[in-house]
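Below you'll find the structure, written out as structure tokens, and then a few comments.
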Amino acid sequence: MDKIQNGWFSEISEFWPGNSFSLEVEKVLHHEKSEYQDFLVFKSKSFGNVLVLDGVIQATERDEFAYQEMITHIPLFSHPSPKRVLVVGGGDGGVLREVVKHPLVESVTLCEIDKGVIEASRNFLPNMRVGFDHPKVTLFIGDGMEFMRQRKGEFDVIITDSSDPIGPAQGLFERAYYELLKAALAPGGIVCSQCESMWLHLDTIKGLTTFCKELYPNVEYAYTSIPSYPGGSIGFILCSLGGSTKAPIREITPEVQSQMQYYNGEVHKASFVLPQFAAKKLNL
């Protein structure tokens, strides 16, 4: 609660020194410390309800769709037949909501280490919680890395919806994790993981893409605009055992497109077009 001063929440972190994003608070809805992290939910004046983990904004009702749609539909529309999907993290439910929009998906497993995040979403993020009770969804509360050690060659698409590489999410940005991801993929499978902002963490992104290129035949980086995240954008690393993920390879039907607020085929392709400073550094 020390992040709220004089009616304003400010996101201050050593992971983006010298930067801060603030929202005016209308009402604190929930605050709790779990075994893994501190989580806070508040109603803001301009961004709706806001979920905060360890002082860092994870989702706001105003702009969450820009992240959830892109991290989900880029890999799913890049795969010819995504039947089995795994989501690591994603306890707010947003990625689940997007995955089950795909008729081809037969099953989706959510692996979340902290059940408190799921409960907070169920109680305070009504537009994000809708996927939890879908018949195609299975919830697993526990360590994602341990879960994948028991799964080999099983998933067509794996999405890592993690927080930043500090605290409980640190291991999700390391080589050993991407080795587990690769082993859990079916032939032609695709990994898509949250991969920070090129404006603030280009060296982190470079390190990740460098070792991923040693593991996967195709490694690419995309990004989306989202005002409530540091730097106003967030990126995704796409690691494919098949072809490129830079354009959708299946039809985006009018029925599916009508459910989107951000994603479409042109945005999919444009998200891989990097400004020169990032393209030069990442050399993808």
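Here, residue 1 is simply the first one shown, and the rest follow in order.
Note that Cβ sites are derived from N, Cα and C of the backbone, with glycine treated the same way.
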Residue in Glu106, Glu112, Glu179 which Swiss-Prot records at the S-adenosyl 3-(methylsulfanyl)propylamine site where Gln37, Gln68, Asp92, Asp143, Gly144, Asp161 also bind: Glu112
Which of Tyr67, Tyr229, the listed binding-site residues, has fewest other Cβ atoms within 10 Å: Tyr229
Cα-nearest neighbour of Gln37 (S-adenosyl 3-(methylsulfanyl)propylamine binding site) within the listed binding-site residues, Tyr67, Ser162, Ser163, Tyr229: Ser163
Length of the line joining the Cα atoms of Tyr229 (putrescine binding site) and Gln68 (S-adenosyl 3-(methylsulfanyl)propylamine binding site), in Å: 13
For Tyr67 (putrescine binding site), the one of Asp92, Asp143, Gly144, Asp161 that lies nearest, given that the binding-site residues are compared by Cα: Asp161
Number of other Cβ atoms within 10 Å of the Cβ of Asp92 (S-adenosyl 3-(methylsulfanyl)propylamine binding site) across all protein chains: 26
PLDDT averaged over the residues of the domain 'PABS' (6-241): 95
